[in-house]
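First the structure, in the form of structure tokens, and then the observations on it.
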Amino acid sequence: MSTTRFLTGITTTGTPHLGNFVGSIRPSVAASLTPGVQSFYFLADYHALIKCEDPVRIQRSTLEIAASWLAAGLNPEKVTFYRQSDIPEIPELTWLLTCVTGKGVLNRAHAYKASVDKNTAAGREHDDGVTAGLFMYPVLMGADILMFKAHKVPVGRDQIQHIEMARDMAASFNHLYGEHFVLPEAAIDDHVATLPGLDGRKMSKSYDNTIPLFSSRAQLQKLIGGILTDSRAPGEAKEVEGSALFQIYQAFATPEETEALRKAYADGIAWGDAKHLLLERVDQVIAPMRAQYEELIHNPARIEQTLLAGAERARALATPFIRELRSAVGLRSLVQASTAAKPAKAAKAALPAFKQYREADGKFYFKLVAADGRLLLQSTGFDAPKEAGQAIAQLQKDSAALQTLAPRLAPVDGVEAAEVTAALQALAEAAAA
Ligand code: TRP
């Protein structure tokens, strides 16, 4: 199977701005439409708690970010779009990873080190004002990524270290307990522009120089009017180099349009006219999405429903996987046969299996057992072994056969349908590999 799985998270502390659109939302939506790609996008609201203690802001930001992504064309039928805090398996995995992560590794995380350096420079105690949440940030992020076996993680350069840490956590865990995790890689797109903000520095909420993505047209006009320019008069040639206005225009315009503006700069276009061109060009892209956004943001129930449906799909993977991981580390039933943590063995044992057998009643049965030995499916009795074999073959081929075979299956307590489906898919994938 050649599907590549992409996963990325968006921390829910702010209002999306044009820089987020150009740097993350637009390329992610485009990537999600590529054939052979499976995408997981989620709202990292547990991460938000690390930086933000304002519950109203967290909730509002979650709504705005979800509405922005959907308005920008993210199709929740095609991608798995969910809210981190709807997946209780993620904090559970965080703990398992915490126990295989060196404290020294976390000491070296850039964000944590920056806080320590700042304290040291100010003559304060090392960890002054640093929460354990900030310290643990990379482990929570590792759980986000490893839970869904992501191959590629599209992030900004400032996040590369976190992906490398996730990779190390996966490798340590696999080494100790068998091959359970995929080793992820950062995906950095060098073609994606970093947008300058109103003052010419990188557009970022920490610089307070942003243009919100879904400003009204009037607001947009006002903000664009405030973009820093030099004092060259109309008729004087202007520099495109270092012009925030030009760079923002370029991020929204075609190459031909960009060339035309470059020429207009050389010909001495007035700043007022250039700002007008920028307003029109940006608004042309934003206006159709803005209508969508307005509709969504006034309908939080619909977004809530979309996110819950996404969480359900995500959990169909996370629930059986965390069960497998718990069992791998030894958090398992006392009656289950103990297996040593031999990586090679564990890797092989990590697949569910069909078992066929004959009962005292003379009939032929089969069952599906999970990697950890738990019963997932139990058939009723067949008259001939061939019939049982055919039923197994059908299930191995397509988990949809569960429906047609339902009358031949006996209920199994405490097993969710999603888990059975996931087990069958894992078998099909292993067979195809
Ligand atoms: N730390 C990321 C950021 O600030 C957000 C994030 C949280 C994330 N979990 C993730 C990104 C998992 C990628 C994968 O941008």
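Including glycine, each Cβ sits where the backbone N, Cα and C put it.
Automated prediction, rather than curation, is the source of TrEMBL annotations.
The ATP binding site feature in TrEMBL is assigned to T11, T12, T13, G19, N20, G156, R157, D158, L195, K202, M203, S204, K205, S206. Residues or ranges marked as L-tryptophan binding site by TrEMBL: D144. What TrEMBL lists as domain 'DUF1508' is 360-400. Annotation source TrEMBL lists motif ''HIGH' region' at 12-20. Marked as motif ''KMSKS' region' by TrEMBL: 202-206.
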Secondary structure composition of the motif ''KMSKS' region' (202-206) [DSSP: H/G/I, E/B, coil]:
2 helix, 1 strand, 2 coil
When DSSP states are folded down to helix, strand and coil, where does R157 (ATP binding site) land?
helix
Please report, as numbers and ranges, the same-chain residues at least 6 past the borders of the motif ''KMSKS' region' (202-206) whose CB is under 8 Å from any CB of it.
14-15, 17-19, 194-196
Looking only at the domain 'DUF1508' (360-400), what are its DSSP counts of helix, strand and coil residues?
13 helix, 12 strand, 16 coil
With H, G and I counted as helix, E and B as strand and the rest as coil, say where DSSP puts N20 (ATP binding site).
helix
For the binding-site residues T11, T13, N20, D144, M203, which sit with their CB under 6 angstroms from an atom of ligand 1?
T11, D144
Within 10 Å of the Cβ of T13 (ATP binding site), how many other Cβ atoms can be counted across all chains shown?
20
Cβ neighbours within 10 Å, counted over all protein chains: which one of the binding-site residues T11, N20 has the most?
N20
ATP site span - longest C-alpha distance across T11, T12, T13, G19, N20, G156, R157, D158, L195, K202, M203, S204, K205, S206, in Å:
20
